[in-house]
Amino acid sequence: MSIAVAVVGAAGRMGSTVCQAVQDADGLELVARLDVGDELTLATLNGADVAVDFTHPAVTEDNVHALIDAGVDVVVGTTGWTDESYERVREHLERPEAAGCSVIIAPNFALSAVLTMSFAAKAARYFESAEVIELHHPNKVDAPSGTAIATARGIAAARAEAGLGPVPDATETDPDGARGAVVDGVHVHAVRLRGLTAHEEVVLGNPGEQLTIRTDSFDRASFMPGVVLAVREVGAREGLTIGLDQLLDL
Ligand SMILES: NC(=O)C1=CN([C@@H]2O[C@H](COP(=O)(O)OP(=O)(O)OC[C@H]3O[C@@H](n4cnc5c(N)ncnc54)[C@H](O)[C@@H]3O)[C@@H](O)[C@H]2O)C=CC1
Ligand SMILES: O=C(O)C1=N[C@H](C(=O)O)C[C@H](O)C1
């Protein structure tokens, strides 16, 4: 039996690519293409088992709650999630009327990006310094990227677990924010450049040495195997899953 899939944000860069990937995937059937202005109801979802959301950070949480209310499993690639918004989804999924629904939210579905996050967290405890540089197309609406935030948080957690203190940094004056955003103590720098798609570099430093871990998504095709895997797996999971790494044997 095939899995019926609705795509929310279907007219966008990712949504349109996901529609094609679903149509090309064995055992998946595209039953609805929804975009801004469409309601998310049983009728518009057109019998979907799973809805995939690639929309906008300002609307994705509301979409997920509406999709759970409509009784479908949800796969989310949209960024902008916080501990608080994750918690609200978790609580929603625990309500009796949401029984049987599950949600996967991943800041990045590309294997190279998922491995970059994993390798960076593994390496972090061995280095005094760690910074994240993300580089994206100039149409991206949010900065830093969801992937960079997740990477920085993974590095920070590993450093804390290893008992490392703050990264060394003698900066005394930085009126214009040249040192970038600071996510859990890790500096994150965002580049927006015509010609790029989605890229990230993690730089880790010790006296006399540097480790660079880099991921490059040259094409949105890079995200599709991860999205299709999540669509296939979401029905077998319970509650909220955060990150594609949870579906891989890393
Ligand atoms: N997790 C991952 O692997 C990836 C995540 N992303 C994220 O996906 C999101 C979308 O990125 P793009 O496709 O590049 O953006 P986009 O701007 O090309 O597409 C977004 C689409 O969502 C639609 N939309 C906006 N509000 C809506 C609403 N309330 N209901 C339904 N549709 C609505 C827009 O009309 C548009 O068609 C961003 O947050 C981006 O960071 C992007 C690439 C990979
Ligand atoms: O907007 C994008 O393009 C991307 N967004 C995600 C993010 O913010 O991490 C994933 C990937 O970097 C592409």
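Numbering starts at 1 and runs along the chain as it is shown here.
Placement of Cβ uses the backbone N, Cα and C atoms for every residue, glycine included.
Please treat TrEMBL annotations as automatic predictions, because they have not gone through curation.
NAD(+) is bound by Gly9, Ala10, Ala11, Gly12, Arg13, Met14, Gly77, Thr78, Thr79, Ala106, Pro107, Asn108, Phe109 in TrEMBL, and the record lists one more residue there from Asp26, Asp35, Asp62, which is Asp35.
The Cβ of Lys140 (active site, proton donor) lies under 8 Å from the Cβ of Arg192, each on the same chain and at least six residues away in sequence. Each residue in the domain 'Dihydrodipicolinate reductase N-terminal' (3-109) gets a DSSP state, and the totals come to 41 helix, 25 strand, 41 coil. Highest Cβ count within 10 Å among the recorded positions Arg13, His136, His137: His136. The (S)-2,3,4,5-tetrahydrodipicolinate site is set by His137, Gly146, Thr147; from the centre of their CB atoms, other residues of the chain with a CB within 8 Å are Thr79, Pro107, Asn108, Glu134, His136, Lys140, Asp142, Ser145, Ala148, Ala198, Glu200.
Helix first, then strand, then coil: DSSP counts for the domain 'Dihydrodipicolinate reductase C-terminal' (113-248) stand at 51 helix, 40 strand, 45 coil.
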